[in-house]
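> Here's the feature list from Swiss-Prot:
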- Asp549: active site, proton acceptor (ACT_SITE)
- 425-683: domain 'Protein kinase' (DOMAIN)
- Ser399: phosphoserine (MOD_RES)
- Tyr402: phosphotyrosine (MOD_RES)
- Tyr579: phosphotyrosine (MOD_RES)
- Tyr580: phosphotyrosine (MOD_RES)
- Tyr722: phosphotyrosine (MOD_RES)
- Ser762: phosphoserine (MOD_RES)
- Thr765: phosphothreonine (MOD_RES)
- Ser839: phosphoserine (MOD_RES)
- Thr842: phosphothreonine (MOD_RES)
- Tyr849: phosphotyrosine (MOD_RES)
- Ser866: phosphoserine (MOD_RES)
- Tyr881: phosphotyrosine (MOD_RES)
- 702-725: region 'Disordered' (REGION)
Amino acid sequence: MSGVSEPLSRVKVGTLRPPEGPPEPMVVVPVDVEKEDVRILKVCFYSNSFNPGKNFKLVKCTVQTEIQEIITSILLSGRIGPNIQLAECYGLRLKHMKSDEIHWLHPQMTVGEVQDKYECLHVEAEWRYDLQIRYLPEDFMESLKEDRTTLLYFYQQLRNDYMQRYASKVSEGMALQLGCLELRRFFKDMPHNALDKKSNFELLEKEVGLDLFFPKQMQENLKPKQFRKMIQQTFQQYASLREEECVMKFFNTLAGFANIDQETYRCELIQGWNITVDLVIGPKGIRQLTSQDTKPTCLAEFKQIRSIRCLPLEETQAVLQLGIEGAPQSLSIKTSSLAEAENMADLIDGYCRLQGEHKGSLIIHAKKDGEKRNSLPQIPTLNLESRRSHLSESCSIESDIYAEIPDETLRRPGGPQYGVAREDVVLNRILGEGFFGEVYEGVYTNHKGEKINVAVKTCKKDCTLDNKEKFMSEAVIMKNLDHPHIVKLIGIIEEEPTWIVMELYPYGELGHYLERNKNSLKVPTLVLYALQICKAMAYLESINCVHRDIAVRNILVASPECVKLGDFGLSRYIEDEDYYKASVTRLPIKWMSPESINFRRFTTASDVWMFAVCMWEILSFGKQPFFWLENKDVIGVLEKGDRLPKPELCPPVLYTLMTRCWDYDPSDRPRFTELVCSLSDIYQMERDIAIEQERNARYRPPKILEPTAFQEPPPKPSRPKYKHPPQTNLLAPKLQFQVPEGLCASSPTLTSPMEYPSPVNSLHTPPLHRHNVFKRHSMREEDFIRPSSREEAQQLWEAEKIKMRQVLDRQQKQMVEDSQWLRREERCLDPMVYMNDKSPLTPEKEAGYTEFTGPPQKPPRLGAQSIQPTANLDRTDDLVYHNVMTLVEAVLELKNKLSQLPPEEYVVVVKNVGLNLRKLIGSVDDLLPSLPASSRTEIEGTQKLLNKDLAELINKMRLAQQNAVTSLSEDCKRQMLTASHTLAVDAKNLLDAVDQAKVVANLAHPPAE
């Protein structure tokens, strides 16, 4: 998007330390050239990348190398784009960074001439080489459409000039239009309404920066809210434009303010007398402009020019003489300096080569008395493809020049050496074809003579040097990785053809493995795979490495119990935009996070999103995410709040964890270190469940034939549910775990009736430890008595029948006690209900209730929050009690209305709860000074807990609103109800704490008779 800001200097071979990888020596260096004559030029160009290391190229050359060869080497490298057809439009500019002195370098100049003529004028480090588009075709708008790379490069060049020279001078309206056009072009995958989201706009401001699109002066003059609204409105106008349309719209808009296709020089025409004019040179020819109000007058067309000569005058001035066909004398132009005359001469000569029939240079050396420069060795006229082939062959022959600048990242002293000999690797069958070449199965013989099965990645012979660097980038990253769940690098063969040798895993890709074995793979194994990949990602997170392509296609199966993460080709070196352009099959849109699609931002948080999608793939046995959508529709679905549905076999707690990873705000997603802990817990739980199910299936009690008189089964006892773990778990706050039936109390040996606490004393039962929940009293085979005769079987059945009757009697007795306790609670909480009850339960009916007439009433769950009876006190003028009851009523209103209200009205019922909570806390604060100091700590702690409960309720409300139209809507509503219930229970606890303090302070009174 912009060029490199630092000076681009020419450095000697022995002093260069490239920031990223070795230089790309596209220019052929003869073997017999002395080392002192070899140069490395650092040439800057424009790019979309934010990485400064992507915006320049190091070119190795000699003092005899021509400028045209340097330009060609950059164009052939593919660094600025593929398939360049208008190569003659490019030129090389030498700029002095401190004085803005500019010299356009003629293609036939040599590096030695540039050094002797220009670089000696200033310090070497103050010069910079820039690749520029200087010569445009006549109808450049249409011509550039056929060469997309040149079109985008010219756009980047104009954008850079606009931001540096014109942005502060144009009107606010034009600056807003041009900035939004660049926004639309740069973030081409962003939906039209993306900037309407506050989080998206904040991400644009903080992570990308508005300075890249809009002038600072404009941002300072406008208020932030006003500026944001203007951007959103203007962006909507260009939301439907494609990239090329944005570029053309930018050209047309900027052309109304500045001349984008021509250069203007202030000079004098020598025609008997001197006339000061503005000389305009562009695709339409050489024209003069005497005033701003008049139209330019054509002086000459490029087809008419036959010679160009520069002559120095006194006092640093110079004369440019143009020989024009049919004219009696040459056109003489007087300039203020020789450098300006030479720049004009290069511009005119370039247009003559582009538009004229003569492809050589028309510039005549003053020192050679009319000898034209085209008598020098001609510029190679081969097309780019022939030139590409010629240079590739030359570079492969002289491959020893790579050794002159070692890559420090590939050779670290003391580290393992990854170079292997080609004769030690034997290739067998082809496993598949990658982006850069084929992948083979092979055998590697190490230095100990051991034979190791390996996979060998190869690079195509016709691959450009730039693509070879990208191919090698995977090995550069992998050689520094050491983790049991990351693919291991065996070695690298850097000589042509380049090979990367890695461990071979016989089970292949995880996606194919899941499809083949989906009938035999169990849930614990699938969770184990996810846990292992999560550990690998936590390792990458610790070394600040972003993978950017986490999917089952890039995971290999080492054994049925071990998987390994691979394919690090995109981890750091390949630019974001290149990955979008690779091919349809490699587009990762359906795995990407919203900020990666919208803004091309790849961070650890975006890797967390992709990892959750990968978990979804694993639990779906290799299905592609969003297979029912096209790539272009995915971001719209994500923006609406929709997420991937829960796979059929996915545990609910694991799916809840996935949804946390798919939070729209990257900062709210968990880190990989946290995910490892959560997945470890889930894996442990799923494994214990599987073990219990397998044990129950293996050891079943013997079937005993019962007599015909006892065919009717006894009533099924009630089943206490699994107690929730502490809410400090990361998986999902206040998540209602769904425990399989095998772990519930339906098995008689899980929790004996004697051990089951009644609702009255359950409050004093110590909490169950998380792992103790799964410790069942499993029945072993020797626990069963095998009857030896029919009579003995009948006796066993009678004993079992008596035991079952005792259990039922005990449970029915507990139900009577529960019913009495429940009525006492109702009387205390709402006296009106008890007064309106016209049919109280009589003792006679209670006695008759022991006869089983229907299914027993289930006692409260073990995990439920039981509420103790309210103290029997005089509630006259008790504001705390009154406010607690009002708050509970507000919570009940929320519970009853939530399913009927539209999402935008959730805030009304939640606000009602908040107002009542404020009244409650206010009444407690008024009473607090009269209570003992020893009781205040507990009361104040409960008040803080209530405030936290309200904040949690608000968060759940917002979550429910965001997911109102998604498949997560009902789950979010349940979480909202859970949060409101917790708030009501804590309010009751606050009332109990206040009552206890009032009793201690003798402020409580019994109720009046």
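Including glycine, each Cβ sits where the backbone N, Cα and C put it.
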> Could you measure between Asp549 (active site, proton acceptor) and Tyr881 (phosphotyrosine) for me? Cα positions, answer in whole angstrom.
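Cα to Cα, Asp549 (active site, proton acceptor) and Tyr881 (phosphotyrosine) are separated by 58 Å.
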> Just name the most isolated of the recorded positions Asp549, Tyr881, going by other Cβ atoms within 10 Å of its Cβ.
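Each of the recorded positions Asp549, Tyr881 was scored; lowest Cβ tally within 10 Å is Tyr881.
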> For the domain 'Protein kinase' (425-683), report the average pLDDT of the model, please.
85
> Tell me the coarse DSSP state (helix, strand, coil) of Asp549 (active site, proton acceptor).
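Assignment for Asp549 (active site, proton acceptor) reads coil.
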